[in-house]
Amino acid sequence: MRTDARTSSAVAVPRRVRRALLVIALAVLAVPFVVPTIWMVAASVKPLAEIFDAPPSLWTDSPTLSAYAEAFTFQPFARQYVNSVYIAVVVTAITLLVSSLAGYAFARIRFPGANALFLVVLTGLLVPSEVTIVPLFQLFKRAGLINTHWPLILVTSLAAPCVLATFIMRQFFIALPLELEEAARLDGLGRPAIWMRICLPLAKPALSAVAILTFLASWNLYLEPTVYLTSPEMFTLPQALTRFTDAYGGQMWNTQLAAATMTVLPMLIVFVLAQRHFVEGLAHSGLK
Amino acid sequence: MIRAKKVLTAVALTTALGLAAACAGPSPEAPGTAAELRMTVWTSNEAQLKLLTSIGDAYRADHPEVSKITFESLPFADYNTTLTTQIAGGNAPDLAWMGDLSKDLIASDALVGLTDKLKATDGWQYDDLLGSVTAEFSRDGTLYAYPFSNSPFALYVNTDLLAKAGQKVNPATLTWDQVAAAGAAVHAKTGKAGFVIRDFDYKSWNTLATVWTGWGAAAWSADGKTCTFASPEMEQAFTFLHDAAFKTKAMPGPGTTADFFAGDAAFTIAQVSRASLLTGSFKFGLYALPTGPAGKYAVLGQAGVGVLASSKHQDQAKDFLVYLTNPVNAEKLAQFFPPPRKSLLTGAKLAANNKVLNATQLQTAVVDQLPNAVTLPNHTSPAEIAQKGKTALDAMWRADADIPAVLRSVCTAIEPILAK
Amino acid sequence: MTTTTQPPEQVVVPAAAKARRASGPSFWTTRRRDVLTGYLFILPQLAGVAVFVLLPVGMAIWYSLNDWNVFTGKQTFVGGENYAALADDPQLPKVLLATVIFSGGVVVVNITLGLLIAVLLNRRFRGVTLFRTLFFSPVVVSVVAWTLVWGFLLQDNGGINGLLGAVGIDGPNWLQHGDTAMVSVVITQVIRSVGVNMVLFLAALQGVPEELYEAARIDGASSRSVFARITLPLISPTLLLTVIVTVVGALQSFAQIAVLTGGGPELSTTVLVYYVFQQAFEFNDIGYGSTLALMLLSFVMLLTLLQWQLRRKWVFYED
């Protein structure tokens, strides 16, 4: 497996060639992962008439940023951007708190019914949103919360994505050595203090994994915002992306692609910068 | 793809369906307060909204009992689902534009009858309305929505592209066979598409009525109860389309995009109103639909405006509708939408406000067509019929399709819904 | 994954606590205080699940027993009529078949590809970080944007066939034939989401102790048997988790189907969740839609339960 350490069976191909072959294979495999994004960016600076050129190309002789400008004049796109960001941040913060509390309790505190309650919580992971969306709409309508961001924040930070987070946190805390806590208890620390002062600082890898997964889940929500939000200045980005249509319902493709590019690039940049933490986070999160 | 996106957003909106019943408590208005009216429209065109607002303002000036008239612009793609959601959620507008949702609304008594009020209003001139355009929005002789837009389908020709391929057509005597032949020649010569039925995209099959009507075929009987898809006329029409897609290549096959207005096709069938999409990058002609084996024919797409039965201000809403559609305002609306009034339907009058099309074009493609035009197939449960029919018709779009068998399967699929 | 491990038995009460308890006997013993803290800690999560998951499921069951007219808002109790309709629905068998093929396809391809990429990337060479980023990048692209772009690329005169044509292959009309349409939705779905599984597998692979490999090598085991006998068993807990999450995700893929194929051609890609959507939201049949949704829910539950029961057979636990 680890070619680095491989010394036996040295006969065959020299290491350098094997490495080159590996890189070539990976590069070929990566094509379908990368080309759509590149195509999207390339098409967003093309004049509308060239987007559907056959055969498709990544090049244009007359690049234009007009679609980017159009995205902001056609809809309150900047506002929608802010909406998406702040909702994702709030959701992530609440999820981190709720899941680290519940995950810690399920992993470390013995109380009657813990296992049964854990199973109840886990059902939250299995119920498809299609089952709950209509009843939820009714509930939120009764509460007068339609066309506010509350449904998005509450459901996302307390139901499905948060349940996954609770699960991850529980797995992490179970794997944590018990001695640390015992020492703290000897010092007279109570549970809340142990959770906050001892366990949370140690849980950074798991917390960062949870943060990234939750942020992405909120950022990509599509069904829920379309259901709960009705006015453009309340929209979130995925929902706004589908609204770039002209008076006949025809798609304004270049504007849409420009807007899509603007939603994707920041996430990609953040990911590239943070990817080491992310992978390490998952690696040490106990999710294995 | 467009439909797919529509679907996506639709999720949303209709989800609201569920919403409705329980929580839809009407909030009682304090007596004596002036009414606020809301009308949903699908245009986001500024000039059109400005016109509507100015008519609303003029009305309010004379009617203090109406304090506010809002025109709510909903996205076209989600219009039906959004409107359904609002109705189901107890948040229905007072007035609404409607397209193919009209049959469902009329059938479920969600609209208010207009005929008596319109006839009783001095100077409104009910008899000025063209019979062929009111049928779609009527039940048992009562009109439920005013057909403010009656846009016939027309043949758009890219004359530059035809010239490039050495083709010439005579619009006066043009037949579908000639269109197919010229289209095939253009495709063979230039690689561009021949003819495109706009918005069909091998999904929205009801737009094919712009073709099969020329063969004398119809989707279902006039009473909407019997499927007529398996008729010999329909079979011939689909044989023509199938040949065009798979043999002569006069029509781009499934999975191929070609936009006439971007210069990708020699011909397209689209509503006259789409002329606004022409950018001037090529020379074009606009004519009546080509002649089919059954002779000359015309097809139109319509939009109406009606008053919702659930409106808390039904009387005021009705009164405003009468004002909005009176002869004076109808003439103003006619600059954007082909009107239903005979008095307004002349090429010269229509051309006065049209920047793209001239009087002759409008006379032949609009005015001459309306009196005998049939509408696109419309029925209650339009979404379900569209989906079931589409699923059955998918089998048609293969090179080796058994055309009569596929058409029979369409009837099998949609008959239970027609019978409902 | 060690979900079955019980929380440790109450540790021997530390001396300090004992002392504290002795000094002031009160109702709030450490044990009681602990139990209360436990409940308080899980309260927000439990309440969230109760209000936003369990309650709506109960309401959906009620909807499935009713008929709705969305235009008038009238609700009529119809008992088991919607459930009886399941048996009479001529489209349902095709939908279920498509659901099985799609979900099965997604799980198999996703797990295999994820594992393959993880194994290839689980070594040190220049560019490994770059590749990890590339393979993960689609995960951060919104589903709608991602699928729209693939829709263009998969057209008959689109980018995929252009590429195939360049190397002399006459590509099929991907989205217009049942088989290739199914392949298209499976592949686009997998490529978009395999990054998460890849990272999880990478994490698991890096957790396999190096000594085990050394030992196997000394015993002269081939790399294939090292993978089968050491690697796979040691990462099997991760495999179980990823399989469950991937199955649940596949059964809920809606946007991909809606944007790419609209369920066609001829129902070939109409998976259950898309069918639920059509009935409830396009045909305005909330009752039947809810019935179908509950059927979907019972499938997910059953599958998960099955995998959970079977895990003892193939999942290796270190403890």
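The backbone N, Cα and C atoms fix where each Cβ goes, glycine too.
Some features that TrEMBL has for this protein:
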- C:39-63: transmembrane segment (TRANSMEM)
- C:95-121: transmembrane segment (TRANSMEM)
- C:96-307: domain 'ABC transmembrane type-1' (DOMAIN)
- C:133-153: transmembrane segment (TRANSMEM)
- C:181-205: transmembrane segment (TRANSMEM)
- C:226-251: transmembrane segment (TRANSMEM)
- C:257-277: transmembrane segment (TRANSMEM)
- C:289-310: transmembrane segment (TRANSMEM)
Close approaches to the transmembrane segment (C:181-205) from elsewhere in its chain (Cβ under 8 angstroms; 6 or more beyond its ends): 98, 101-102, 105-106, 109-111, 113-115, 117-119, 121-122, 132, 135-139, 141, 143, 146-147, 150, 154, 174-175, 231, 234-235, 237-238, 241-242, 246, 249-250, 253, 256-257, 260-261, 264-265, 268-269
Region pair the transmembrane segment (C:95-121) / the transmembrane segment (C:289-310), three or more CB pairs under 8 Å: no
Stretch-level contact, the transmembrane segment (C:257-277) and the transmembrane segment (C:39-63), CB cutoff 8 A, at least 3 pairs: no
Residues from the same chain, set at least six apart from the ends of the transmembrane segment (C:133-153), whose C-beta lies under 8 A from its own: 117, 121, 159-160, 175, 184, 188, 191-196, 198-199, 255-256, 259-260
